[in-house]
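Heads up, the thing below is written out as structure tokens.
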């Protein structure tokens, strides 16, 4: 089997973890106590779920996951919540004091105390796998644990499991709303440290998801639960190919092969459609062409940036439900003709398609409508550089005054790390810029389009 281990770090990672595992359980017919009612196990020969769940002797299904936080409150909610008997107590790891939004605490002082325990638990999960294909790491950029501890763990995973794929789902600080003043510092430090250890990083920004909840689901004041369930749908779409059999199956390494043209350019933009409330879905049936089209609308994206200003390097369309290749091909053809979608000139084709016949599942009583088909688009576009530029600018404003820096230095970090990280991100922006520039071999013919 090709197992995948999920690692959920810090408050954001753990709460997204809750949403994801809730959804996986519904999709696979696993009850909150880990039992799978017998009719399923008799009728379906489909055991693809074992990439994400391991089965115990007593017939319980345990997620291949670890949840880590440097303070206990968030994970305590799992220990007392609906899914308390789904996880093995050893999979829920908590420290005693939090990282206080400080990368240095998560990476050096507090994180150090818990890293070996965490790696030990991950090792146990890995030993339980027959053919581990890699790790999914969920965290935020802005928090202390999410930034500092994640980068520490990624470094150690690279040492212990060199060639295994590591994919991240990262919550990027929203442009307007902020949960911590020092988010730009944490984000840039963690990106710099993790850049060489991560194979592919799907970024999600809270503000973009707030807007989607407001606009598409008419939720006046979205809560984290609303946001996380939507993120859960995206994660589920991306991992569906690992958990179900489909016509065109995609595994972890296949994502990288198709989405990452250069090792550093590994931040695809995720878009999911249709995000639609039950009342609306009752009145409209969305075709493959329509949902595919919706993916190219900037307001359906999970990060605020405008692909119309950038160029696409690769696009991966993951369909689920009632979808046939003929419709997909037609939809893509239409988009290619009528859209102002620009591909970089060195990557002319650029569409990869995956189809899974398992229809999308929704949490009962949630905000999302049950739809017969959905699509998740992962696109590697140069426009995401806007997000880095935004963050770098905020970093510069604070760092010019050395604001808050003493908190980091006081936890054993050197000030040089700030400038080193900032230079690395400047280089990353430059990389994106260069990828988008047309190749030199234009003999003047293509130059007339602009």
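Quick reminder: no glycine exception, Cβ is built from N, Cα and C everywhere.
Taken from Swiss-Prot as is:
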type: ACT_SITE; residues: 254; note: active site
type: BINDING; residues: 11, 71, 140, 144, 145, 179, 206, 228; note: GTP binding site
type: BINDING; residues: 71; note: Mg(2+) binding site
type: MOD_RES; residues: 40; note: N6-acetyllysine
type: SITE; residues: 450; note: site 'Involved in polymerization'
Sparsest Cβ surroundings (other CB atoms within 10 Å) among the binding-site residues 140, 145:
140
Excluding its own, the Cβ atoms lying within 10 Å of the Cβ of residue 71 (GTP binding site) add up to 19
Nearest recorded site to residue 254 (active site) by CA-CA distance, among binding-site residues 11, 140, 145, 179, 206:
140
Once the chains shown are all counted, how many other Cβ atoms turn up within 10 Å of the Cβ of residue 206 (GTP binding site)?
24
Can you check which residues sit near residue 228 (GTP binding site), meaning Cβ under 8 Å from its Cβ, same chain, 6 or more apart in sequence, and list them in order?
15, 16, 18, 19
Among the binding-site residues 11, 179, the one whose Cβ has the most other Cβ atoms within 10 Å is 11
